[in-house]
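Pulled from Swiss-Prot, these are the features on record:
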| type | residues | note |
| --- | --- | --- |
| ACT_SITE | GLU126 | active site, proton acceptor |
| ACT_SITE | CYS378 | active site, S-methylcysteine intermediate |
| BINDING | CYS146, CYS150, CYS153 | [4Fe-4S] cluster binding site |
| BINDING | GLY204, GLU205, SER236, SER258, LEU259, HIS260, ASN335 | S-adenosyl-L-methionine binding site |
| DISULFID | CYS139-CYS378 | disulfide bond |
| DOMAIN | 132-375 | domain 'Radical SAM core' |
Amino acid sequence: MARTAGLREPAAPLEKTPLETYVPPAKPSLIGLSRAELAARLGDVGVPERQQKMRVQQLWHWIYFRGARSFDEMSSVSKDTRTALAERFTVDRPEVVAEQISNDGTRKWLLRLPSGDDLQKAHEVECVYIPETDRGTLCVSSQVGCTLNCAFCHTGTQRLVRNLTAGEIVGQVMVARDRLNDWADRETPHGNRLITNIVMMGMGEPLYNFDAVRDALLIVSDNEGIGISRRRITLSTSGVVPNIKRAGEEIGVMLAISLHAVRDELRDELVPLNRKYPIAELLQACRDYPGASNARRITFEYVMLKGVNDSLDDARLLVKLLKGIPAKINLIPFNPWPGSAYECSDWEQIEKFSEYVFNAGYSSPVRTPRGRDILAACGQLKSETEKLSARERQALRAMAMTD
């Protein structure tokens, strides 16, 4: 997004810090807790029940509206309460250990988290900010690694390590606001926030971490805090059918489906989850999604793979399958990564595919690849806990030079 003179610029990029410098937090963070949970923590430090509702509102304002980094900043909270909270808790975010900035302005942060095991080894996830003229989109992760093994996705080459907590998911949004100077007391052009949209399209399958994702998104969308509208939050799933309806009922955000194929035999290969929840079952769940309408269309993501799923026959069957579903189709040029077995469809073929779908009555934008040179584009995220080999780094540089 364009910035004007005199406004606070985003913080400078960070250098990667060594894994062994990580020190696990000694105290739990209040980030990610519901109001009821915050009230319980206040009770733990001796705040009388009659004061808890007021104190919760104060904490909520300072943590999620103002982005306070310590209890000392919370000037409207009594000093005794601040001291008691600081002795037991923190408002720490995930640790930012590296930041990369693409030639197109996309930013990728590598975030370090405690592992939750006795060895206290750190885990890492990635979070990506994509600035555009009329919006700023933050791509958020829900798991360390992924269990789905989608054939075209870089994250799928990393084993699932663990689910993220609600606090670690919300923490990604807070880290991004920290790095972009995007809290309520900071100037931004025309009074708008730099982060306007959230997409749960980072590492992991959100619906396999349902409770934490739900709790995090309810906090992110709360009007008295971070305040990002649910209509500006999109949850993307590869098709965990039993939790799709739950997402509509309990979270109420926009839904995106990683479809990528129109025949079960091919989708079984590209998205192995299809063997459990085939296309017909998935699309029925979409038809039943609470709140779906022409004003709240379901997005179907379709990665364009040369000679694999990009024929006009595929386009025709796609249109047929989506009949009766308020939908739009995002066509995604395949973003290569070291060791990937696929090629991106030719641009002419992508345009033909898009034109056919559009003429059938569906919006079919072609997603502009962003952040390819820093492996931040769709399907390219992978925790640096699993290092790239020298050969992979060389391949990445070669691919970036040809874009």
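Backbone N, Cα and C atoms are what each Cβ position is placed from, and that goes for glycine too.
Here the features listed in Swiss-Prot are placed on the structure.
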| residue | record | CB count, 10 Å |
| --- | --- | --- |
| GLU126 | active site, proton acceptor | 25 |
| CYS139 | disulfide bond | 28 |
| CYS150 | [4Fe-4S] cluster binding site | 22 |
| CYS153 | [4Fe-4S] cluster binding site | 26 |
| GLY204 | S-adenosyl-L-methionine binding site | 29 |
| GLU205 | S-adenosyl-L-methionine binding site | 26 |
| SER258 | S-adenosyl-L-methionine binding site | 25 |
| LEU259 | S-adenosyl-L-methionine binding site | 28 |
| HIS260 | S-adenosyl-L-methionine binding site | 24 |
| ASN335 | S-adenosyl-L-methionine binding site | 24 |
From recorded positions CYS139, GLU205, SER236, SER258, the one whose Cα lies nearest GLU126 (active site, proton acceptor): CYS139
Under 8 Å by Cβ from SER236 (S-adenosyl-L-methionine binding site), same chain, sequence gap 6 or more: VAL199, MET200, MET201, PRO206, ALA256, ILE257, SER258, THR299, GLU301
Cα proximity to CYS146 ([4Fe-4S] cluster binding site), best match among recorded positions CYS139, GLU205, LEU259, HIS260, ASN335: GLU205
Euclidean distance between Cα atoms of CYS139 (disulfide bond) and GLY204 (S-adenosyl-L-methionine binding site), Å: 12
Whole-number mean of pLDDT values that fall within the domain 'Radical SAM core' (132-375): 91
Distance, CYS153 ([4Fe-4S] cluster binding site) to ASN335 (S-adenosyl-L-methionine binding site) (CA atoms, angstrom): 9
Distance from CYS150 ([4Fe-4S] cluster binding site) back to HIS260 (S-adenosyl-L-methionine binding site), taken between C-alpha atoms, in Å: 10
Candidate binding-site residues CYS150, CYS153, GLU205, LEU259, pick with smallest Cα gap to CYS139 (disulfide bond): GLU205
Neighbour tally for CYS146 ([4Fe-4S] cluster binding site), based on other Cβ positions within 10 Å of its Cβ: 26
LEU259 (S-adenosyl-L-methionine binding site): secondary structure state under DSSP, collapsed to three categories: coil
Extent of the S-adenosyl-L-methionine binding site in Å [max Cα distance among GLY204, GLU205, SER236, SER258, LEU259, HIS260, ASN335]: 19
